[in-house]
């Protein structure tokens, strides 16, 4: 593949990214499916940077087209599929968390660990790096959530499709930058989604879950976005002050506003959930 064409404000990002090599000897050993050519994927995402925009357009067209199609039709009964889907998604996210979080934990144990985990390219292990890639690619798979919502005629909230589109666009744009902050984004998101999908799986199995279970999911989303926004602000401030921090202007531009907006929307969702009256029968 030809050398990557730097786009937008990616100037000099590639040199810093490719110099972030795996620690030797490795602290965390990869499974066979974690041996991935990361440079190939970085180059591909740079060259085809418009791809997630096309996917998002098709996704939204299908979602709202299906919604119109289903308007006067009965909902599909997909209980078995929903159980299988949610358990699979929970397992993928749990495994991703278990493969990324140990590296973040190792760095946080060092002096000035929070700063180093956000701004310094060090302690890179192949499992964590590969699951950074899988994190990005999984966002395309998770678009299937909305399709299931539409064909089963569940309420389609703005936050559902908005956060899917944001995740697809952001992850594809910032992955080639190989930034340490992605450990935080990936680990926290993997954990929250693992809990959320397991919760949805239990609901699909018709378990009677307490109202606090749904409240916990909403709180976790808000905490995730709060931490994400705080780390974005911290790294941006470090750069403004002229301190060394392994981030690019491109990444900050792509990440800051979406994190703030998602914090607002998830906060609003939590607020509405708390204010709503409990149902007589919890699903």
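Note: Cβ is positioned from N, Cα and C throughout, glycine not excepted.
Listed in TrEMBL:
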TRANSMEM  51-69  transmembrane segment
TRANSMEM  81-98  transmembrane segment
TRANSMEM  131-151  transmembrane segment
TRANSMEM  158-175  transmembrane segment
TRANSMEM  181-202  transmembrane segment
TRANSMEM  214-234  transmembrane segment
TRANSMEM  254-274  transmembrane segment
Note to self: If I count Cβ-Cβ pairs under 8 A between the transmembrane segment (181-202) and each of 51-69, 131-151, 158-175, 214-234, 254-274, which range comes out on top?
What the structure shows: 214-234
Next item on the list: Six or more residues out from either end of the transmembrane segment (131-151), which same-chain residues have a Cβ under 8 Å from its Cβ atoms?
Entry: 34, 36, 38, 41, 45, 55, 59, 62-63, 66-67, 70, 75-76, 78, 81-82, 85, 89, 92-93, 96, 99-100, 160-161, 164, 167-168, 171-172, 175, 182-183, 185-186, 189-190, 193
Next item on the list: Considering only the recorded stretches 81-98, 158-175, 214-234, state which has the highest number of Cβ pairs under 8 Å to the transmembrane segment (51-69).
Entry: 158-175
Margin query: How about long-range neighbours of the transmembrane segment (254-274): same chain, 6 or more residues beyond its ends, C-beta under 8 Å?
Written below: 157-159, 162-163, 166, 169-170, 173-174, 214-215, 218-219, 221-222, 225-226, 228-229, 232-233, 236
Checklist line | For the transmembrane segment (81-98), distant same-chain residues with Cβ under 8 A (at least six beyond the ends) | finding: 131, 134-135, 138, 141-142, 144, 148, 152, 186-187, 189-191, 193-198, 200-201, 204-205
Next item on the list: Grab the same-chain neighbours of the transmembrane segment (158-175) for me: Cβ-Cβ under 8 Å, and only residues 6 or more beyond its ends, written as numbers and ranges.
Entry: 41-42, 45, 49, 51-53, 55-56, 59-60, 63, 132-133, 135-136, 139-140, 142-143, 145-146, 149, 182, 250-251, 254-255, 258, 261-262, 265-266, 269
